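Visitor: What follows is a single structure, and I will ask about it in a moment.
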Amino acid sequence: MTKNIHKHRILILDFGSQYTQLVARRVREIGVYCELWAWDVTEDQIREFNPSGIILSGGPESTTEHDSPRAPDYVFTAGVPVLGVCYGMQTMAMQLGGKVEGSNQREFGYAQVEIKTDSALIRDIKDAINPAGEAVLDVWMSHGDKVTAIPSDFVTVASTDTCPFAIMANEEKRFYGVQFHPEVTHTKQGQRLLERFVLDICACEALWTPATIIEDAIVRLREQIGEDHVILGLSGGVDSSVTAMLLHRAIGKRLTCVFVDNGLLRLNEADQVLEMFGDKFGLNIVHVAAEDRFLAALAGVDEPEAKRKIIGRVFVELFDEEACKQEQVKWLAQGTIYPDVIESAASATGKAHVIKSHHNVGGLPKEMKLGLVEPLKELFKDEVRKIGLELGLPYDMLYRHPFPGPGLGVRVLGEVKKEYCDLLRRADAIFIEELHKADLYNKVSQAFTVFLPVRSVGVMGDGRKYDWVVSLRAVETIDFMTAHWAHLPYDFLGRVSNRIINEVNGISRVVYDISGKPPATIEWE
């Protein structure tokens, strides 16, 4: 009998911080299940979730404003430990009788926190000892407001030169507030602090591991599906690949994978997917060669969002056609992951703006009479990759750079043509090959080539040529929300440029994109 890996769970209430998902990922890394909910959750919902502890996230609002978000009152009467982070500490302090004020001295970045009082939260956790003999923590601050008076039943645990209450605690109730961000790597002991809260103070057992997640998923899939058949759109990307492997382990040949070759994939990608999943792992795969259909639908279209929607629509049409041929199929599997669920919830409540539409989220027709199977919907991307390794998928496939759902359809600027895609595929393959050879591939977060629909004069031998331009793009980022262009060596860029121009007939010029995000996005379209 498998252990209940959801037995011990942490509830994280989201007040809008850019780091909130990182808090959840850190808790999962500790080995404990957690969920991320909006701050205005009801008492009944919290009772039903039955958390072992609650974390209040940071956020951009000011608790000094009358309409700023507040934690539900039940959070402080539920009888479980509570950790407030940054804004979470401020709202905890204010709601329990303390004071918060705006400050002329804002703290953004590195700070040293001096420990004044012993606390279960940080006992024996320190980075150094200062001349006064106090333990010191190196932390990351990001706040304007600050607590100026703590609730009467709290004590001051730590402070900085400009923040008198950097950590506060009520040990009896197991309520703690930290003005810094323990979830970011700049807070050196942040993970130890979170481990102390989750494992010791909340008394959670670390049951959330790749092996137990797989075991639990297989049991639940078999219970949900029974003896029925399942269909899955297999793209060769991380999410659909891990979904396929989980389902294959759970139900074997009752899974049918539909692989749509849209003509917008990377060089030799279709052959690689079919060889790996069909020949090596023995999955049942239906190969749909649909390059002509996609390119016909994209003819004459140059607006990026229109291209995305067309690619999504044609994929759904093809998938629907194949699903109708599979008379035994009762379930549709999707590689939805936890950030998709969070994003969809935010969109449903009007708290998010669509910057680029996702071609594979919520796109399948409502009239399809199939049940939905989403075995990854509780997992973050890093967890999906770890599970993939456990299931036997190769590291290089799981950890390769992100590739957009519409594929080369949004890396060929303007109208998409077969000629452009063929040239781009070959140029991009050279760039990626050289990154691997120079041991640079894993030192950048994402790298790819973009086809520009403009011609440029070049000289080859004694003749002139008038051919196409491509741009190389490489970025470094932690979360893909912001990114810096990668400072690749000039000799490396020169080598890539020479190879592309000499080996790809039809390209006469190679440029390098040095735009950051913001103001640019990582992808060009």
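Placement of Cβ uses the backbone N, Cα and C atoms for every residue, glycine included.
These came from Swiss-Prot, pasted as-is:
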DOMAIN    9-207  domain 'Glutamine amidotransferase type-1'
ACT_SITE  Cys86  active site, nucleophile
ACT_SITE  His181  active site
ACT_SITE  Glu183  active site
DOMAIN    208-400  domain 'GMPS ATP-PPase'
BINDING   Ser235, Gly236, Gly237, Val238, Asp239, Ser240, Ser241  ATP binding site
Visitor: What does the structure give for the C-alpha distance between Val238 (ATP binding site) and His181 (active site)? Integer Å is fine.
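Guide: Rounded to the nearest whole number, the Cα-Cα distance is 30 Å.
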Visitor: Quick one: which residues besides Ser235, Gly236, Gly237, Val238, Asp239, Ser240, Ser241 have a Cβ within 8 Å of the ATP site's Cβ centroid, in sequence order?
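Guide: In sequence order, the nearby non-listed residues are Leu234, Val242, Thr243, Ala244, Gly335.
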Visitor: Over the span of the domain 'Glutamine amidotransferase type-1' (9-207), how high is the average pLDDT in this prediction?
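Guide: Result for the domain 'Glutamine amidotransferase type-1' (9-207): average pLDDT 94.
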Visitor: Select the closest residue to Ser240 (ATP binding site) from the following active-site residues, measuring between CA atoms: Cys86, His181, Glu183.
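Guide: Minimum Cα distance from Ser240 (ATP binding site) across Cys86, His181, Glu183 lands on Glu183.
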Visitor: Which ones in the same chain are close to Gly237 (ATP binding site), with CB under 8 Å and 6+ residues apart in sequence?
Guide: Gly335, Phe403, Gly405
Visitor: Can you name the residues of this chain that are 6 or more positions from Gly236 (ATP binding site) yet have a C-beta less than 8 Å from its C-beta?
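Guide: Result: Phe259, Leu265, Glu269, Gln272, Val273.
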Visitor: Round to a whole number and give the Cα-to-Cα distance in Å for the pair Ser241 (ATP binding site) and Glu183 (active site).
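Guide: So the Cα of Glu183 (active site) lies 29 Å away from that of Ser241 (ATP binding site).
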Visitor: Which entry in the list of recorded positions, Glu183, Asp239, has its Cβ near the fewest other Cβ atoms, using 10 Å as the limit?
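Guide: So among Glu183, Asp239, the recorded positions given, the one with the fewest Cβ atoms within 10 Å is Asp239.
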Visitor: Determine, using Cα-Cα distances only, which of these recorded positions is closest to Glu183 (active site): Cys86, Ser235, Asp239.
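Guide: It is Cys86, whose Cα lies nearest.
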Visitor: Considering only the recorded positions Cys86, Ser235, Asp239, which residue has the minimal Cα-Cα separation from His181 (active site)?
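Guide: Comparing Cα positions, the closest of these recorded positions turns out to be Cys86.
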Visitor: Other than its own, how many Cβ atoms are within 10 Å of the Cβ belonging to His181 (active site)?
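Guide: Excluding its own Cβ, the number within 10 Å is 23.
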